[in-house]
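Novice: Quick paste of what TrEMBL says about this protein:
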- GLU44: active site, proton acceptor (ACT_SITE)
- LYS110: active site, for glutaminase activity (ACT_SITE)
- CYS146: active site, nucleophile (ACT_SITE)
- TYR116, SER173, LYS179: L-glutamine binding site (BINDING)
- GLY348, LEU349, SER350, GLY351, GLY352, ILE353, ASP354, SER355, THR455: ATP binding site (BINDING)
- ASN431, GLU460, LYS591: deamido-NAD(+) binding site (BINDING)
- 4-243: domain 'CN hydrolase' (DOMAIN)
Amino acid sequence: MSGLRLALCQLNPTVGDIAGNVGRMAAFLDAARVAGAALAIFPEMCVTGYPPEDLLLSPRFMDAARGGVERFVRASRGMTVIFGAPLCAGEARNAAIVAHDGRLTATYFKQLLPNYGVFDEMRYFTPGTRDLIVSLPLFQTGVSICEDIWYPDGPASREAAAGATLLVNISASPYHRDKGAARERMLSVRASDCRSFVAYGNLCGGQDELVFDGQSLVFAPDGELLARGAAFAEDLIVADLDPVQATRVRLTDPRGRVRPQAARAGGERGPEGTEVVDLGATLSEPCLNLDMDSSANHATTVAVAVAVPPPRRIPALPLSPCAEVYAALVTGLRDYVRKSGFSGVLIGLSGGIDSSLTAALAADALSPAQVMGVAMPTRYSSDHSLEDARALAENLGLDFRIIPVDGIFQSFLDALAGPFAGRAPDVTEENLQSRARGTLLMALSNKFGRLVVTTGNKSETAVGYSTLYGDTAGGFAVIKDVPKTLVYALARWRNALPGEGGEGGESRAALGFLGPCGRAAIPPRVLVKPPSAELAPGQVDADSLPPYEVLDAIVADYVERGISLPEMIARGGQPDACARVVGLVEKSEYKRRQSPPGVKITPRAFGKDWRLPLAGRFTGGFQG
């Protein structure tokens with residue numbers, strides 16, 4: 001019997017590096033060809049990288065994208081390839097290009113353009129109006145892009161109703177917590193409801209504030225998971241599909257027996273706007289003889305440029321919750337530094353939990369040699385803070401510097417003594433210390449060409465517990481979307497991470513982290529001492545903020561779930577704490593707008609997800 005071998009090419013493009021992206025795609029295509037695949041599938045917008053944002057408004061950029069498309073089409077000799085790029089056909093379109101044996105044979109234009117959260121696709125693209133089925137030997141293949149498959153009655157479902165037994169969805173789906181599991185459930189249901197194989201190819205890697213988790217997927221017509229790509233890493237997923245299984249499911253599953261008339265062949269539009277392109281007459285050796293039971297479908301995941309092992313059924317294992325978030329942060333930081341051209345990073349080390357986690361992330365993302373940690377003590381810094389900062393740097397192998405700030409701080413106080421005469425000390429003097437540190441870090445950045453990575457977390461960012469032009473001074477805020485309670489959980493997880501082996505295969509080596517293991521990276525005292533900014537005698541965060549467990553719950557309700565202040569209180573929230581936190585969130589928008597970008601890991605992050613006016617008087621939330 002015969003089947004189809006396909007390859008999902010999960011890669012990490014760089015926005016605007018069209019020549020580099022196409023070259024990487026060609027390398028994946030060669031590996032897929034060596035693996036014996038007849039069909040190679042690449043992610044959405046992989047030619048240009050995603051999201052290109054206002055580059056899409058540039059005719060020069062669109063011309064360059066078209067040139068990249070033409071070069072990659074020519075590389076498709078002997079194979080069928082489906083890949084993503086923007087095309088200008090009168091209007092700009094988000095396109096899936098079907099190439100066969102060096103020729104462009106069909107295009108599909110994304111129909112359901114997301115325009116919410118971090119997405120602005122209606123700003124740039126005109127939606128498509130027709131479905132597409134590519135007729136391969138053994139499989140009628142429906143083509144769709146990302147959002148198109150998330151809707152039960154969307155293009156993918158219509159293509160299945162028109163006869164498609166393989167649904168190919170190319171995607172650039174950004175990561176946030178729990179999204180991977182939700183995506184798998186959705187695709188399993190879609191495969192089962194459509195009684196079709198589903199091949200879902202996703203981007204991986206970081207681009208500005210977004211991280212793409214990869215985890216490309218293949219599902220059988222009964223909803224069974226056949227293959228899962230690696231998380232947050234490039235991968236080549238090869239799957240062998242048996243058309244008999246799709247036929248069997250369609251014969252035995254009563255759903256869909258009353259179906260719309262199938263689209264007509266020959267490139268004509270069907271009654272429901274479906275175009276069918278027949279490649280069967282010209283496809284060169286598309287079939288793979290499978291020496292296996294007729295009900296079996298096998299899949300394998302292999303590294304690019306590594307010999308392809310025999311097909312197997314075991315998908316890549318999903319990561320645990322902490323491993324997933326930590327890997328997303330590492331990926332986002334690594335790619336931001338690499339794609340921006342920095343030689344390394346600088347981090348102010350306070351001896352506290354936030355800077356400790358940030359340093360561990362940087363060491364794992366870039367290698368310890370590319371991380372400079374700088375302690376900047378003042379008269380209010382405790383002895384244990386400097387000790388913990390030094391121990392952290394030694395544990396991680398960082399380049400560690402100590403630059404006392406007290407003299408600079410005193411110079412500021414002396415310069416301002418006249419204007420401040422008669423006024424009691426307050427937060428102004430506290431902020432001067434933070435701004436002195438920010439100035440030093442930015443000077444080091446200028447001199448050494450390194451990116452300053454700030455250390456503020458989501459809890460502090462939400463309520464403005466930061467100093468503008470002080471601890472917010474920098475180029476990237478890797479943990480800006482990580483609540484404080486999760487900061488502690490991630491630090492504990494990292495300290496327990498083994499070098500090799502590990503539960504569920506989670507280890508430094510398996511995850512590709514570059515920092516050391518073998519002992520706790522973050523000093524144990526950092527995990528238990530009360531958090532403090534140390535800008536005044538005896539200062540601790542609890543003097544200014546509710547307990548972080550309470551604060552994080554309120555921020556999650558208000559920011560991520562859109563629950564109003566009255567509704568929070570009605571649900572049993574502490575009225576004073578809820579009102580105080582909501583008020584601080586609303587007053588701190590001006591700080592967030594002037595703070596550096598960082599990795600999105602929650603369903604709603606500050607930044608493109610959160611667009612509120614700076615000057616305004618409406619208070620209390622979004623609902624109720």
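Counting starts with 1 at the first residue shown.
Note that Cβ sites are derived from N, Cα and C of the backbone, with glycine treated the same way.
Unlike curated entries, TrEMBL annotations are predicted automatically.
Can you tell me where each of these features sits in this structure?
Specialist: Its Cβ taken as reference, GLU44 (active site, proton acceptor) is surrounded by 25 other Cβ atoms within 10 Å in the chains shown.
The C-beta environment of LYS110 (active site, for glutaminase activity), restricted to residues of the same chain at least 6 apart in sequence and closer than 8 Å, consists of GLU44, ARG93, ASN94, ALA95, ALA96, GLU121, PHE125, PRO127, GLY128, SER144, ILE145, CYS146, GLU147, ASP148.
In the three-state DSSP assignment, the secondary structure recorded for CYS146 (active site, nucleophile) is helix. All protein chains shown were included, and the count of other CB atoms within 10 Å of the CB of CYS146 (active site, nucleophile) stands at 27.
In this chain, none of the residues that are 6 or more apart from TYR116 (L-glutamine binding site) has a CB less than 8 Å from its CB. Taken residue by residue with DSSP, TYR116 (L-glutamine binding site) is part of neither helix nor strand, so it is coil.
In the three-state DSSP scheme, ASP354 (ATP binding site) falls into the helix class. Neighbours of ASP354 (ATP binding site), defined as other CB atoms within 10 A of its CB across all chains, total 22.
Classification of LYS591 (deamido-NAD(+) binding site) by DSSP places it within a helix. Annotation for LYS591 (deamido-NAD(+) binding site): spatial neighbours THR461, GLY464, SER466, LEU468, THR472, criterion Cβ-Cβ under 8 Å with sequence separation of six or more.
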Novice: Give me the Cα-Cα distance between GLU460 (deamido-NAD(+) binding site) and GLY352 (ATP binding site), rounded to a whole Å.
Specialist: 14
Novice: Excluding TYR116, SER173, LYS179, please set out which residues of the same chain place their CB within 8 Å of the center of the CB atoms of the L-glutamine site, keeping sequence order.
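Specialist: In sequence order, the nearby non-listed residues are PRO114, GLY117, VAL118, PHE119, PRO174, HIS176.
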Novice: Looking at the binding-site residues SER173, LYS179, ASN431, whose Cα is closest in space to that of ASP354 (ATP binding site)?
Specialist: ASN431
Novice: What same-chain residues, at least 6 away in sequence, bring their CB to under 8 Å of the CB of GLY348 (ATP binding site)?
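Specialist: Sequence-distant Cβ neighbours: SER355, GLY373, VAL374, ALA375, MET376, ARG437, LEU441, THR455, ASP471.
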Novice: Give the maximum pairwise CA distance in Å, whole number, for the residues ASN431, GLU460, LYS591 listed as binding deamido-NAD(+).
Specialist: 15
Novice: Looking only at Cβ atoms, how many others are within 10 Å of the one on GLU460 (deamido-NAD(+) binding site)?
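Specialist: Excluding its own Cβ, the number within 10 Å is 25.
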Novice: Cα of SER173 (L-glutamine binding site) to Cα of SER350 (ATP binding site): how many Å, rounded?
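Specialist: Distance between the two Cα atoms comes out at 36 Å.
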Novice: Let me check the 10 A CB neighbour count of SER350 (ATP binding site). How many other CB atoms are there?
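Specialist: So the Cβ neighbour count for SER350 (ATP binding site) comes to 25.
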Novice: Hey, what's the Cβ neighbour count for GLY352 (ATP binding site) at 10 Å?
Specialist: 22
